[in-house]
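Below is one structure; the comments refer to it alone.
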Amino acid sequence: MTQMTFSDRAVMAELVAKMLWEIKAVHFSADKPYKLASGMASPVYIDCRKLISYPRVRSTVMDFAASLIMRDAGFEQFDCVAGGETAGIPFAAFLAERLNLPMIYVRKQPKGHGRNSQIEGHMPDGARVLVIEDLTTAGGSMFTFIDAIRAAGGIVDHGMALFYYGIFPEAEARFANGKVRLHHIATWRNVLAVAKEQKLFDDKTLEEVEAFLNAPLAWSGRNGGVAELATK
């Protein structure tokens, strides 16, 4: 297992936000909003998958993830780490290596041929599984994987997102109702704070981004997107 250092949570969040800007994983576009998978219009977009291409950044982020899990969940609370298809798979491998745990990955749907598996790798019945994704918005995709693991006999009480939107009350309710504790390193508030500090955008763009973070569904509805999220 990798030797862990337990940095201050706020420092980790700030550093991850800075690294995401440095590798150009973050994009602001208030005048031409992005369309998210949920149907929302958003002035912000983030591609955490880029982390896998920057070894020094990737290593630091995964060290932070491992230290957060051990500090907040415990050292002996998991039997394996699961990544969701597809973005979560490499991060599950990186985290499993650091925690010295086996790894599995979960398909969005059974593969439809052969043994029709949805879970790949070995997961004993009753295994305590930590699910990791690169990011989560309102928790919907993570629960696709959590539900599959539970249906196969695994136990999931914790989830890990390297980046968490942190702006939807629906997400808090979903994790609470699903009896899963979500751990995360950075949020959009951390990213916006770095953008302001480093003056990366003009004031109007930053104001629009802040307006979105304060009332995302209202902003989406005004800009051609959905004004409410699906409950499932």
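Note that Cβ sites are derived from N, Cα and C of the backbone, with glycine treated the same way.
As annotated by Swiss-Prot, 5-phospho-alpha-D-ribose 1-diphosphate binding site applies to ARG107, LYS108, LYS111, HIS113, GLU133, ASP134, LEU135, THR136, THR137, ALA138, GLY139, GLY140, SER141. The orotate binding site annotation in Swiss-Prot covers THR137.
Non-local neighbourhood of THR137 (5-phospho-alpha-D-ribose 1-diphosphate binding site): LEU36, SER38, TYR165, PHE168, ALA171, each in the same chain, at least six residues away, with C-beta under 8 Å from its C-beta. The number of other CB atoms found within 10 A of the CB of ARG107 (5-phospho-alpha-D-ribose 1-diphosphate binding site), across every protein chain shown, is 17. Just so you know, the Cβ of SER141 (5-phospho-alpha-D-ribose 1-diphosphate binding site) picks up 19 other Cβ atoms within 10 Å once every protein chain is counted. Note on the binding-site residues GLU133, LEU135, GLY139: the fewest other CB atoms within 10 A surround the CB of LEU135. Following the DSSP three-state reduction, the secondary structure of ARG107 (5-phospho-alpha-D-ribose 1-diphosphate binding site) is coil.
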